[in-house]
Amino acid sequence: MVCVALLWGWLLLGCSWGPGLPGVWAAALSTATYVLDDAGGLGRQFDGIGAVSGGGATSRLLVNYQEPYRSQILDYLFKPNFGASLHILKVEIGGDGQSTDGTEPSHMHYENDENYFRGYEWWLMKEAKKRNPKIKLIGLPWTFPAWIGRGENWPYDYPDVTAYYVISWILGAKQYHDLDIDYIGIWNERAFSSKYIKVLRQSLDRLGLRNVGIIAADGDWNVSKEMIVDPYLNDAVEVVGAHYPGTKTVPNALLTKKKLWSSEDYSTFNDEVGAGCWARILNQNYVNGNMTSTIAWNLVASYYEQLPFGRCGLMTAQEPWSGHYEVDAPIWITAHTTQFTQPGWSYLQVDGHLEGGGSFVALTDGLGNLTIIIETMTHNHSQCIRPPLPHFSVTPQRATFYLKGSFYMVETLQVWHSRLGFESGNSSLFEQLHPVKVWKGSFSLDLNVDEVYTLTTLKTGQKCGCPEPPPPQPFPSNYKDDFNIRNPPFSEAPNFADQTGVFEYFINASDPGDHVFTLRQVVVQQPITWASDADQTISLIGNFQWMNVTVTCDIYIEKQRDGGVFIAGRVDNGGIYVRRTKGVFFWVFADGTYRVTGDLAGEEILMKGLSGVRDNTWHTLTLNIQGTSASGLLNGYPLWENVTVSKPSNGWAAIGTRSFEFAQFDNFHVEAS
């Protein structure tokens with residue numbers, strides 16, 4: 001807490017009373033001075049703060065929110081001078097494969113297939129642009145459809161094919177959605193190919209897409225080692241982007257003379273420690289590593305929380321059925337930078353380390369405006385999920401800033417302040433304090449630990465709030481979907497979270513009866529993977545805490561002889577761990593057999609026998625799990641019963657297929673007790 005004293009009409013920052021400083025006068029603090037001067041030129045150009053949607057399926061549940069809540073969430077993320085006010089949105093180029101918390105559909109499932117309305121990233125980019133027309137857009141693949149690899153789990157053997165696929169996405173964004181993609185990546189956190197990067201650059205240029213910059217290589221800094229010995233590669237790359245760099249760069253990256261970005265960072269649970277992590281790296285990625293952009297994974301935690309990395313978003317929106325969402329502390333930490341800077345501003349040439357620990361950055365638009373962001377995050381209150389954080393100490397301190405050069409004439413600075421209250425649990429986030437009067441080119445500020453200050457000549461900052469969202473509610477215990485929608489706004493049915501394969505609305509034109517509108521699994525070859533996709537396809541839905549459930553679904557096996565589908569309950573895993581998923585799985589196969597297994601892989605067989613099920617015919621499956629007993633019905637008649645199930649004791653409901661095969665589902669119903 002800052003104590004202010006009014007003297008002769010000037011506002012001076014004098015004493016500081018706060019946690020750890022009960023009534024101690026500022027004179028007792030260690031004091032250091034810092035000079036902000038643009039007379040000798042400026043530092044690197046600032047490229048903006050952003051966040052990632054995807055990598056994967058992290059915005060899955062967001063699209064299912066009803067208004068006005070969905071627009072409120074989008075406002076907190078993208079609307080200028082409102083909340084996070086992001087400068088950059090990076091999205092996954094869906095490739096049909098598991099990319100952390102689910103799969104995202106490709107615009108080209110098959111070589112002769114193009115559809116630029118699948119998934120939700122197109123919609124999200126348009127919503128971001130609607131709120132901030134200046135927002136920068138980035139596309140990056142995690143996985144690729146199988147046809148890219150021509151039978152190999154590798155996207156670089158045919159670089160022309162991969163470049164064609166990626167550029168189709170860029171052109172489709174413009175043609176169908178009027179979206180200009182600013183940057184394109186290579187392959188998230190996987191090997192890069194210098195040849196492919198150069199082919200991609202040549203192909204972009206040939207098609208008039210010279211304005212699309214290439215970011216390489218969204219992993220470590222190793223691409224820079226090749227760039228400094230290959231001038232053609234160096235020319236092809238606009239930005240060297242590394243992930244989770246721990247605020248440090250490497251000499252080779254600096255030698256490229258390129259923009260350096262932390263092109264994915266954060267990935268930390270969005271409590272106060274997550275906010276502390278984010279505050280520290282937003283400053284120190286530049287102070288320590290010369291990185292001029294930092295991009296958070298992920299934008300908004302809109303996926304089932306028990307999937308991997310639950311709530312590792314800037315805010316949380318994982319309950320479309322209730323409308324509940326949470327504007328978490330990282331949103332307001334972001335605002336400290338984003339509301340008072342813009343891409344194209346420049347950093348000042350200054351060391352940026354505070355003598356008592358912590359850091360500051362100073363930026364200018366070159367037109368007389370100045371923004372200073374200070375953070376004093378302590379070690380234990382700012383640990384990110386990765387990499388490990390070496391020990392350091394931060395102590396209360398007084399900082400005196402001298403403004404020189406074109407800033408000498410600045411008379412007043414607006415003040416925005418956050419204090420992360422760990423012990424007290426009482427944080428104050430992005431609060432506007434009294435302005436600071438600059439006296440003869442200088443001002444002093446008393447800094448406690450775990451604080452963020454923004455001091456700026458801009459008067460445009462706002463902490464806007466919407467009405468409180470509805471209270472949280474569990475997923476409905478009685479849930480039905482008949483998929484009867486002729487023109488769905490999205491290609492995927494609400495609340496289903498695909499974990500291997502892609503399940504899309506389908507119009508079954510050949511069916512004259514009750515199954516014209518269905519949900520269909522459409523990936524028929526294992527994609528070029530990023531994670532360990534299952535050998536089966538699976539889509540989750542519901543409440544992870546469900547124990548006693550009845551799942552009913554009409555199913556239609558399309559693959560002859562060895563095709564098969566399942567319905568399941570108590571499904572305990574997904575995301576990058578989908579191969580190890582356990583639960584109670586009720587399978588039927590095109591050869592007329594059935595199985596009950598305790599796992600998705602089908603290795604733990606609990607019961608098997610004959611069912612009479614055939615392909616290309618509709619059947620109704622019912623799975624009932626009560627306590628330690630499970631039973632199954634086929635077309636309303638008991639097929640098996642009294643199967644003992646012990647573990648897992650709870651989990652989601654699910655549907656899926658035996659392999660990468662076409663299959664349809666209809667009239668899904670789950671009832672939990």
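The backbone N, Cα and C atoms fix where each Cβ goes, and this holds for glycine too.
All TrEMBL annotations are machine predictions without curation.
Among the features that TrEMBL reports, active site, proton donor/acceptor is placed at Glu189. The active site, nucleophile annotation in TrEMBL covers Glu264. Residues or ranges marked as domain 'Glycosyl hydrolase family 59 catalytic' by TrEMBL: 46-339. Per TrEMBL, domain 'Glycosyl hydrolase family 59 central' is recorded for 347-462. Sequence annotations record features per position, and here TrEMBL assigns domain 'Glycosyl hydrolase family 59 C-terminal lectin' to 498-672. As annotated by TrEMBL, signal peptide applies to 1-26.
The two recorded residues Glu189 (active site, proton donor/acceptor) and the residue listed as 'active site, nucleophile' have their Cα atoms spaced 10 Å from each other. Considering only the active-site residues Glu189, Glu264, the Cβ with the fewest other Cβ atoms within 10 Å is that of Glu189. Across the domain 'Glycosyl hydrolase family 59 central' (347-462), DSSP classifies residues as 6 helix, 52 strand, 58 coil. Mean pLDDT, taken over the domain 'Glycosyl hydrolase family 59 catalytic' (46-339), works out to 98 on the 0 to 100 scale.
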